[in-house]
Amino acid sequence: MTNSNRIKLTWISFLSYALTGALVIVTGMVMGNIADYFNLPVSSMSNTFTFLNAGILISIFLNAWLMEIVPLKTQLRFGFLLMVLAVAGLMFSHSLALFSAAMFILGVVSGITMSIGTFLVTQMYEGRQRGSRLLFTDSFFSMAGMIFPMIAAFLLARSIEWYWVYACIGLVYVAIFILTFGCEFPALGKHAPKTDAPVAKEKWGIGVLFLSIAALCYILGQLGFISWVPEYAKGLGMSLNDAGTLVSNFWMSYMVGMWAFSFILRFFDLQRILTVLAGLAAILMYVFNTGTPAHMAWSILALGFFSSAIYTTIITLGSQQTKVPSPKLVNFVLTCGTIGTMLTFVVTGPIVEHSGPQAALLTANGLYAVVFVMCFLLGFVSRHRQHNTLTSH
């Protein structure tokens, strides 16, 4: 593989995470405006975003097999066509059914692109370098989470319609589409070069189960938390702008944390540092949820920084449970994380309706505690140490 080709593939991976980050994180900012647009209460509107999350889940799950049938480049180019259709649907339809369909399509495109991005990184890099590369790739999720709420706040404050936020997000996919030209992708399945050596199938082990539960609880907890922070902050008397700043600060700190940990992780055992970070994140979220508005800015910055490496380290440890990284195993852990995404409003919507936004934040806190327990238990069964030893010889 040429260096310029590797750079293009790496940038496609970066932007695939940015696309998903933008679509998922901007929800909390535009939900109120979309609810007004369709004359619905916010708690009911939140349920329609389940279509976005369902699209992400289904596409990541199916793409574990689709990658071996449909070439990656073809998938990305077809995704561009779907993206244009979905954004056009949001702009020109006033029907809730069409809105839900467009959200589902956006989810499908996002899920396919993100699973391709993750696979490309695990395919191109090995060992601890894979972990730091995945972490840097995931930082683009946070970067989008920092930039797009600011764009959304800027547009909405000027009474520009909410769907222009999604048009801006569509520009990320335009960049991915352009990068596919003159770029060679790894061939999989029937398109892969034939080898005589039989491929040995490895058992995944119970560590994958612990990591999958951790991935689900972490994403459900994180998105359940960050989706309702704006409503919670407004309930404490903050303006929409200040609430948006809290969300942007979280993702800015998350992004800086990822850059820092992509260097720091090289010097630590991944399972041990993951357990420490999961415990710290649970404590810091509790401090935010029970603190005063004066301390919220600082506690959300600390939470963003120390929780930044958790999800990517879960995926990296998952890929290291077998000697040869398996696209199906990586996609399985990703799928569990995406189930967490899909359940975000299914779980938190009724909680907010009955008990208010703070109850949703405390539920998220409980989920972070489960992540800590899973990471601790992983220490007794993880295979990453023996596989790292084998690859280093």
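In case you wondered, yes, glycine gets a Cβ from its N, Cα and C as well.
According to Swiss-Prot, the feature transmembrane segment maps to 11-31, 51-71, 78-98, 101-121, 134-154, 162-182, 206-226, 245-265, 273-293, 297-317, 332-352, 361-381, an assignment based on sequence analysis.
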Stretch of maximal Cβ-Cβ contact with the transmembrane segment (332-352) [cut-off: under 8 Å; candidates 78-98, 101-121, 206-226]: 206-226
Paired segments the transmembrane segment (162-182) and the transmembrane segment (206-226) in contact, 3+ CB pairs under 8 A: no
Tertiary contacts of the transmembrane segment (78-98), as residues 6+ beyond its ends and Cβ separation under 8 Å: 38, 40, 48, 105-106, 108-109, 112-113, 163, 166-167, 170, 173-174, 176-177
Proximity of the transmembrane segment (11-31) to the transmembrane segment (245-265), 3+ C-beta pairs under 8 angstroms: yes
Closest-packing stretch to the transmembrane segment (134-154), where packing means Cβ pairs under 8 Å, from 206-226, 245-265, 297-317, 361-381: 245-265
Residues of the parent chain within Cβ reach of the transmembrane segment (245-265), under 8 Å, 6 or more residues beyond its termini: 21, 25, 28-29, 128, 131-133, 135-136, 138-139, 142-146, 149-150, 226, 229-230, 233, 238, 273, 296-297, 300-309, 312-313
